[in-house]
Amino acid sequence: MERLAGRIILLSGVSRAFVGFLAGLLAVLAQPPFGIFAAAFVSFPVLVWLIDGVAPDPSDGAFRRLRQPAAIGWSFGFGYFLGGLWWLGNALLVEADAFAWAIPLAVVGLPAVLGVFYALAVVIARCLWSDGWGRIAALALGFGIAEWLRGFVFTGFPWNAIGYAAMPMPLMMQSASVVNLSTINMLAVFVFAAPALIWTGKGARTGLAIAVALFTAHIAFGFYRLAQPAPPSAAPQMAVRVVQPVIDQAKKLDDRERASIFEDHLSLTAAPVQGGGKRPDIVVWPETSIPFILTDNPDALARIAEVLKDGQILVAGAVRAEDAGAGLPSRYYNSVYVIDDRGQIIGAADKVHLVPFGEYLPYEDLLTSWGLSSIAASMPGGFSAARMRPVLTLPGGRRLYPMICYEAIFADEVDANARLADVLLNVTNDAWFGDTPGPRQHFHQAQLRAVETGIPMIRAANTGISAVVDARGVLVLVLGYNYRGVLDTILPGKLPTLTDVPTRSRIFWLSMAILSIVASFSRFGFNIRKN
């Protein structure tokens, strides 16, 4: 292995970039649907050795010195995001005549842009690089900053954050009940990269001991938490039905199919409970499951009232229209409705974080001013964003915290209001992406929100994956991808919050400060030894 490390260190130019690309591609195997945890313990040591091989000319300026580490980081990131996001092209094949031209932008262009974040990570690390275990701290710091930025820069896209690779199953998710994802991102990189010290690093014992301690604590806390009794359901118990209709996206876009789609949802809602279980108190439909503007269709509300039993509540994804007034065109929102057994809409919540290029076109006015109005006109979407995400209170007092579609991937946006809720609600339509890794990755990220908040989650997805998840991230019931049917169960209870949002933020900044100090002292000492 030492010989292999030496060969990687000596690589340069295209060969170095290609190995970086392969290392990033390998790291994807640690994410769903593969969950091969060990892959990250190979890819990150390779990245360390590639950075070890950077030997800039002392006469070069600062910019030229950073080109090599930037190229390494970008190639690693490009491989990682290309391997993890290629399935986005499927969404553009649904209406291929209109959007096939954009497939290269989604499949290659987006990974190329996201690779810049990992280029920044490696540049930061290289600035604090040394020959000891401090360089592992520097790499963890760099990735911690990069992943934090990826969560909000240009509207944010923290999909497949490195930390998720360290949490492939509920046993390994429990640390998220104490620290936030940003902290886990940093510590995961430290642990993943630590094996590089075995063959190429001074002070290996210290670095490896810290990595082993972190990994052991991560696993031990998981065993401890899962060994505790499952949180009991709050009284009175609430029976939940989750509907997964499995409707092809092309069919959903066909206006002629609207009535049959609506009736399909109603038939699943009315299906008898298997095994003589309790009749559902709440029925949940996926995102945009109501295929028309509900407020313009009183007959549809009447049909819902016919199907719902006394006291039942329907929570359904729908497009909501709002009159803008003054002769302006209506505004449309991707929403969740709460509908009672009389067919009355008694609550609604609109999506706050819209999908760029899917639900709206970023910088549309700027593109139009540049003469690119044809591009703006060809893009899908046209939704407006809500300013806040309310907690929906149901009859009886139960409270839902709604997250529509990919809002569930933004861990930092699940605010203090979520702690007021009794259940997290995630409705989505992943039919756009087909039977690919995308829906599995999406589900895995949503599952973590239950662990972070200590609140159970109801997830309704058109084609899957639908589930009821308890407050520890354990699956109570699940319907896999493309399985049509319903889930009937009793809503699990909440768990006490171990740390609040401000405390987790402080832990993140403290961890970043510690890594900065370790890396800086290691670098400072390294420079003294060189001189």
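Cβ atoms are placed via backbone N, Cα and C, with glycine included.
The transmembrane segment annotation in Swiss-Prot covers 8-28 (among others), and the record cites sequence analysis as its basis. Within the same chain, residues 34, 39-40, 42-44, 46-47, 49-50, 52-53, 71-73, 75-84, 118, 160, 162, 165, 200 sit at least 6 positions outside the transmembrane segment (8-28) and bring their C-beta atoms closer than 8 Å to a C-beta of that stretch.
Summarising the annotation, Swiss-Prot assigns transmembrane segment to 34-54 (among others).
The list of residues near the transmembrane segment (69-89) in space but at least 6 beyond its ends in sequence, with Cβ under 8 angstroms from a Cβ of it, reads 16-18, 20-28, 31, 43, 47, 50-51, 54, 103, 106-108, 110-112, 114-123, 125-126, 159-160, 433-434, 436-438, 441. Annotation source Swiss-Prot lists transmembrane segment at 69-89 (among others), citing sequence analysis.
Sequence annotations record features per position, and here Swiss-Prot assigns transmembrane segment to 105-125 (among others) based on sequence analysis.
Counting same-chain residues at least six beyond the ends of the transmembrane segment (136-156), those with a Cβ under 8 angstroms from any Cβ of the stretch are 44, 47-48, 51, 114, 117-118, 120-130, 162-163, 182-183, 185-187, 189-190, 193-194, 196-197, 201, 207, 211, 353, 356, 362, 410-412, 508, 511-512, 515-516, 518-519, 522-523. Feature annotation from Swiss-Prot assigns transmembrane segment to 136-156 (among others); the stated evidence is sequence analysis.
What Swiss-Prot lists as transmembrane segment is 178-198 (among others), and the listing cites sequence analysis.
According to Swiss-Prot, the transmembrane segment annotation covers 207-227 (among others).
Positions annotated as domain 'CN hydrolase' by Swiss-Prot: 243-493.
Secondary structure from DSSP puts GLU287 (active site, proton acceptor) in coil. The Cβ of GLU287 (active site, proton acceptor) lies under 8 Å from the Cβ of GLY317, ASN334, ILE404, CYS405, VAL427, THR428, ASN429, ALA460, ALA461, ASN462, each of these being in the same chain and 6 or more residues away along the sequence. Per Swiss-Prot, the feature active site, proton acceptor maps to GLU287; the stated evidence is sequence analysis.
Summarising the annotation, Swiss-Prot assigns active site to LYS351. Secondary structure at LYS351 (active site), taken from DSSP and collapsed to helix, strand or coil, is coil. LYS351 (active site) is surrounded by 26 other CB atoms, counting those within 10 A of its CB over all protein chains shown.
Classification of CYS405 (active site, nucleophile) by DSSP places it within a helix. Look at Swiss-Prot and you will find CYS405 tagged as active site, nucleophile.
Residues annotated as transmembrane segment in Swiss-Prot: 507-527 (among others). Outside the transmembrane segment (507-527) by six or more residues, the chain places 125, 128-135, 137-138, 140-141, 144-145, 148, 178-180, 182-183, 186-187, 190, 499 with a CB less than 8 A from a CB of the stretch.
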Long-range neighbours of the transmembrane segment (178-198), counting only residues six or more past its ends (CB under 8 A): 1, 5, 40-41, 43-45, 47-49, 133, 136-137, 139-141, 143-144, 147-148, 151, 158, 161-167, 204, 207-208, 210-211, 214-215, 221, 411-412, 448, 452, 498-499, 501, 504-505, 507-508, 511-512, 515
Mean of the pLDDT scores, which run from 0 to 100, over the domain 'CN hydrolase' (243-493): 88
Cβ contacts under 8 Å made by the transmembrane segment (34-54) with residues that lie 6+ beyond its boundaries: 5, 8-12, 16, 19-20, 23-24, 26-28, 68-69, 72, 76, 122, 125-126, 129, 135-136, 139, 162, 165-166, 168-169, 188-189, 192-193, 195-196, 200
C-beta crowding around CYS405 (active site, nucleophile), within 10 angstroms: 26
